[in-house]
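Read the structure below first, then the notes.
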Amino acid sequence: MRKVPNSGNLRVTKVAYPLGLFVCLFICVAYIKWHWASAPQAFLGIPEVATGARRGQQSRSRPGTAARGPEVFYGIMFDAGSTGTRVHVFQFSQQPGETPTLTHETFKALKPGLSAYADDVDKSTPGIQELLDIAKQDIPFEFWKATPLVLKATAGLRLLPGEKAQKLLRKVKEVFEASPFLVGADCVSIMNGTDEGVSAWITVNFLTGSLKTPGRSNVGMLDLGGGSTQITFLPRFEDTLQTSPPGFLTSLQMFNRTYRLYSYSYLGLGLMSARLAVLGGEEGKPAEDGAELVSPCLSPGFRGEWEHAEVTYRVSGQEAAGSLYQLCARRVSEILRNKVHRTEEVKDVDFYAFSYYYDLAANVGLIDAEKGGSLVVGDFETAAKYVCRTAETQPPRSPFLCLDLTYVSSLLHGLGFPGDKVLKVGDLTPEKTDNWTFPKRFPRQEHLKLWLLCQISLQLHWQLWCLLPKPSSTQPWPSCLLCHSVR
């Protein structure tokens with residue numbers, strides 16, 4: 001029997017590089033708040049031990065070195081995604097009177113995701129400890145006690161029953177508290193799906209200059225993760241505002257302007273969760289008595305195993321009774337029926353698509369794997385038909401490619417995207433943003449500062465700038481007040 005690689009882990013950095021970046025800036029802004037404050041106070045859940053008499057031990061340069069060079073401080077961010085857990089260890093430096101600069105990042109990923117340990121939370125400890133050891137190796141000993149440690153979980157934990165998710169979070173916090181790092185009251189939490197969508201929207205609009213260039217149209221965002229998928233855009237039509245279901249509209253105040261966004265996160269419709277549903281399985285539940293999951297979306301005669309969230313499923317293709325694509329499309333439509341909201345306005349908005357949209361498009365040659373590119377929505381359907389037709393007569397190089405492409409094509413159609421709609425497909429990881437076009441009047445480094453600052457403000461319950469002292473006219477930080485509410 002063929003063991004199928006878990007393609008859900010092909011890109012371990014996929015789900016939330018914006019998450020990693022805005023959490024890293026949380027550390028920067030926490031430091032600035034501490035630097036500006038005139039009296040001891042706790043900040044955003046960081047214990048009092050980090051303030052007052054022990055301020056000299058905040059994550060800064062060794063005593064006596066500030067006069068000779070920049071101050072140095074560190075931060076640790078855990079990204080608990082649906083297909084893996086990753087640690088980002090950030091090092092910052094700050095010259096007197098200047099903003100902090102991210103000077104180094106160490107990254108390490110482990111699979112599976114935390115949700116795989118929902119029934120035995122103790123098994124999550126070794127992986128978390130291994131990632132903490134990476135941080136200890138990267139950060140000098142004298143900085144440990146003042147280095148903030150944060151974990152944000154996404155769709156993998158949102159898919160779990162509430163008590164199971166909370167047990168996992170408590171176990172992680174227990175491990176964190178036993179570490180030598182700075183652990184706050186809210187250091188471990190589940191990220192809201194709407195926050196994911198809106199933060200990615202801010203990211204792409206900063207990177208394209210849409211938020212800082214007067215009169216420039218904003219772009220929409222499509223993100224396809226492993227456990228959930230998000231769509232976010234700024235409606236221009238009153239009909240969109242009036243017909244949107246409850247919970248689909250969110251207000252964002254930024255740069256003295258209020259943005260009324262259409263934003264929704266579809267939990268359970270990420271690519272890996274949808275694949276499982278199409279195959280006939282249930283999240284976290286092995287098939288009864290080890291039964292095979294037989295699917296019309298797999299090549300006839302195919303048999304193999306697929307591992308998802310620490311559960312191994314036996315899967316096989318059914319004997320073809322017609323076109324493989326048509327049979328698969330019918331099955332996918334059953335899974336999507338009444339689960340996504342169709343919005344007519346999306347055909348009139350420029351959209352960027354990320355994550356598994358990028359992976360699949362690159363996999364079948366619709367875009368350049370390094371630079372990204374543009375395609376029309378119908379290209380996914382064309383590719384699906386070709387791959388499925390080929391799979392009818394010969395073993396495919398990737399057994400799930402017919403299913404995945406058919407799902408993406410059907411999902412986009414269900415969201416309201418016509419076949420001739422152009423999408424720009426890109427990658428938000430830092431090494432790929434060099435390929436993005438930045439506004440000429442904004443130097444790239446300064447543009448990223450604005451982007452990162454607003455990302456972290458967004459993540460911290462949309463209130464960060466309300467908490468910060470107002471910077472003086474000589475401070476280079478932008479006036480970026482973010483407030484947020486969901487209808």
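Each residue's number is its place along the chain shown, starting with 1.
Cβ atoms are placed via backbone N, Cα and C, with glycine included.
Taken from TrEMBL, the feature transmembrane segment applies to 12-34.
As annotated by TrEMBL, active site, proton acceptor applies to GLU196.
GLY227 (ATP binding site): 30 other CB atoms within 10 A of its CB, across all protein chains. Marked as ATP binding site by TrEMBL: GLY226, GLY227, SER228, THR229, GLN230.
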Round to the nearest Å and give the CA-to-CA distance linking GLY226 (ATP binding site) with GLU196 (active site, proton acceptor).
13
Which state, by DSSP, holds GLY226 (ATP binding site): helix, strand or coil?
coil
Round to the nearest Å and give the CA-to-CA distance linking GLU196 (active site, proton acceptor) with GLY227 (ATP binding site).
12
